[in-house]
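Colleague: One structure is given below, represented as structure tokens, and several questions about it will come after.
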Amino acid sequence: MSYSPFQPRVFPIFIYYIFISIFGILVTIKMFLKWKERRVRPPLYLALVFTFLTMSIINLLIGLLEAIITEEFREIYRLSLPLAYVLVIVADIFLFIFASHMTNKGHKAFIPVILIGIILTIILFLPWNWWGFPSEDYAGEVNIRLFSTLSFVLYSNLIYIYIAFICYKIKKNVDDKIMYIGLKLLFYSMISLILLFVMLISDTIMITLGDEGYSVFIYIAWIFGIIFIILSYFSLIMPDWLVKRIKKKYKI
């Protein structure tokens, strides 16, 4: 079994992940405090979404840390890749539950969403994904990595598109402008997540075509991730300045 050498060009993404992790932790703590203050379910579900997304980034951070220390992409790094996707799947499930409570739609889809998530988890951990292996190690072998990633992206994006569609549909019939803006922010947060996964699949396609990975698409992807966290947080916990601006705009 061989290992790919760590490349200095990957180090900036390690620093990038550190800042995103810190941001994610701070927002997650704030959301848990809001849930403790209000004792209603939506803030808890959104806090869990942020928790698992942040854990996904921290997991990738640990994998890269091992690569930096050993100067090779070894076992922890290889494990961190599918595990990061699985943590996002868990976040997707809680996001679906959160959106269902916010819109009162989609409750019948809970079980299918969870079951498909479990099946995807199994697929992502199959050895034929060759996560982190040098391309020469699996040359001529069955390689399902692109299929696994596409399935994961399709699963996630179908959830985001469904939530975005419901938000767009409901907000047209809402008279309360505060709630209207909240649904609008949730809608745009879903668009951000969709774009995040478009960037991730673009990076995977480049790897499949022979690129070494960690392209510019990874940087762009997590910018959309930060935008999602901000917009979804504001959709539920609107700061006073935003509420005042909405009231001023609509003369409430």
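Placed from the backbone N, Cα and C atoms, the Cβ positions cover glycine too.
The structure displayed is predicted, hence computed values, not measured ones.
Sharing the features that TrEMBL gives for it:
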TRANSMEM  13-33  transmembrane segment
TRANSMEM  45-70  transmembrane segment
TRANSMEM  76-98  transmembrane segment
TRANSMEM  110-130  transmembrane segment
TRANSMEM  142-165  transmembrane segment
TRANSMEM  185-210  transmembrane segment
TRANSMEM  216-243  transmembrane segment
Colleague: Cβ under 8 Å to the transmembrane segment (216-243), counting only same-chain residues 6 or more beyond its ends: which ones?
Modeller: 13, 16-17, 20, 23-24, 27, 30-31, 34, 42-43, 46, 49-50, 53, 57, 102, 178, 181-183, 185-186, 188-190, 192-193, 195-197, 199-200, 202-203, 206
Colleague: Residue list, the transmembrane segment (13-33) vs rest of chain: Cβ under 8 Å, 6 or more residues beyond ends.
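Modeller: For the transmembrane segment (13-33), the sequence-distant neighbours (Cβ-Cβ under 8 Å, at least 6 residues beyond its ends) are 43-44, 46-47, 50-51, 53-54, 57-58, 60-61, 64-65, 68, 214, 218-219, 222, 225-226, 229-230, 233, 237.
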Colleague: Establish whether the number of Cβ pairs under 8 Å between the transmembrane segment (76-98) and the transmembrane segment (185-210) reaches at least three, counting only pairs separated by 6 or more residues.
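Modeller: No, the stretches stay apart by this measure.
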Colleague: Against the transmembrane segment (110-130), which of these stretches has the most C-beta pairs under 8 Å: 45-70, 142-165, 185-210?
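Modeller: The stretch with the most contacts is 142-165.
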Colleague: Quickly jot the same-chain residues contacting the transmembrane segment (185-210) by Cβ under 8 Å, restricted to those at least six beyond its ends, or write none.
Modeller: 99, 102, 135, 145-146, 149-150, 153, 156-157, 160-161, 163-164, 167-168, 171, 217-218, 220-222, 224-225, 227-228, 231-232, 234-235
